[in-house]
Amino acid sequence: MQKLYPYQVISPDDDYTDIRNLQSKKSLPKSEQQMRFNSDLDKCGEVTVPQNDRDKGKDSDLHIYAQYLNNDQLSFVAYAANCQFVYKVGPSHGQITFNLGQLEKKDLSQQFIFQDILEIVIHEMTHVLGFTQHSIPLWIQSDKSSYVEPTIKKKFREIDTLFLKTPKVLQFARKYFNCPSLTGVPLENLGGPGSANSHWKNTIINGEYMNSQQQPLQSYFSGFTANLLRDTGFYEEIKESMEEDIFYGKGAGCQHVTGQCNCTKNEFCIPIKEQDLCDFYHIGASNCIAGQFNEPNCLCYKYECSSNGQLVTIHVGKQKVVCTKNLEKMQVNGYDGTICVCNKGYFGNDCSLTKPILKA
């Protein structure tokens with residue numbers, strides 16, 4: 001979960017010569033002046049910045065303020081944000097907030113639970129490092145110039161979507177998906193401001209630790225995120241040995257990225273038919289849960305009309321919901337999104353047809 005807070009971009013100190021022990025790196029570390037909190041803001045997130053952090057910079061390249069709250073009514077475990085960027089150098093200050101109300105419910109002595117929490121922390125830290133919609137325009141190229149157009153916005157499955165088209169991400173994606181003509185990689189276009197445009201699109205790149213939804217099984221640090229960090233221009237020595245293999249959509253062609261969701265593909269499942277089967281990676285048993293319903297080619301559920309035509313009963317798994325009003329949105333326990341009826345004059349599973357389908 002990426003939290004949106006006010007942050008400030010400050011001018012770089014062009015005269016610094018602090019190279020410490022990192023001469024072999026292509027990018028120099030930040031100077032003491034740059035590591036001061038020079039922002040006009042009083043706080044970094046919800047943390048009041050101490051005066052000594054304004055007077056003297058930390059001997060580091062990134063300073064994180066950690067805080068906590070205790071509210072078990074809030075579902076998140078942690079969120080993070082950056083609050084100061086040094087122009088053409090990178091983020092200098094950020095914050096991460098932990099929710100003890102959720103952490104205290106978890107048995108951290110269990111290794112897999114601890115690993116899940118660690119994964120969340122790394123996810124949040126990656127937002128601080130620059131994987132956010134508001135940070136992308138601040139990225140720099142290898143010659144330290146700004147990108148002219150790092151993203152493009154266009155319709156994707158009927159939804160306005162931000163596509164990332166920086167060079168290393170695009171090169172990796174074209175090879176991974178076997179789609180040489182790919183012009184950009186879609187970012188998540190659903191959810192609130194903490195999810196949309198700051199994560200990989202779940203239906204395109206899944207099982208990646210920078211998806212907007214936490215995975216019940218292991219998530220992976222893939223070449224997508226590694227190359228994104230390289231494309232920021234701030235971290236040019238991301239080691240390839242850190243990258244983990246993923247296979248979701250690999251070699252599936254351009255249709256997987258730019259086409260509609262297709263339940264016949266192995267990447268997707270059908271809730272009614274495929275419960276308690278192996279997950280996509282064949283690591284363990286899994287549940288098939290339908291996600292958002294507002295993308296084309298959504299799953300069509302069995303329904304029944306009442307004798308007077310005033311009610312529609314929709315079957316979702318073993319549950320039933322009853323629509324009593326035209327265009328009513330119905331939520332189903334255990335499912336994300338809403339069930340809806342096509343507007344007048346539109347037909348088909350994804351409401352994209354203007355004429356009804358006639359069956360012989």
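Every residue number used here counts from 1 along the chain in the order it is shown.
Keep in mind that glycine also has a Cβ here, set from the backbone N, Cα and C atoms.
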**Listed co-binder of Zn(2+) (same site as H123, H127, source TrEMBL) among H199, H256, H315** = H199
**Item:** Pairwise Cα distance for H199 (Zn(2+) binding site)/E124 (active site) [Å, integer]
**Value:** 11
**Request:** Report the member of H123, H127, H199 (the binding-site residues) whose C-beta atom has the most other C-beta atoms within 10 angstroms.
**Result:** H199
**Asked** Around E124 (active site), how many other C-beta atoms are within 10 angstroms of its C-beta?
**Response** 25
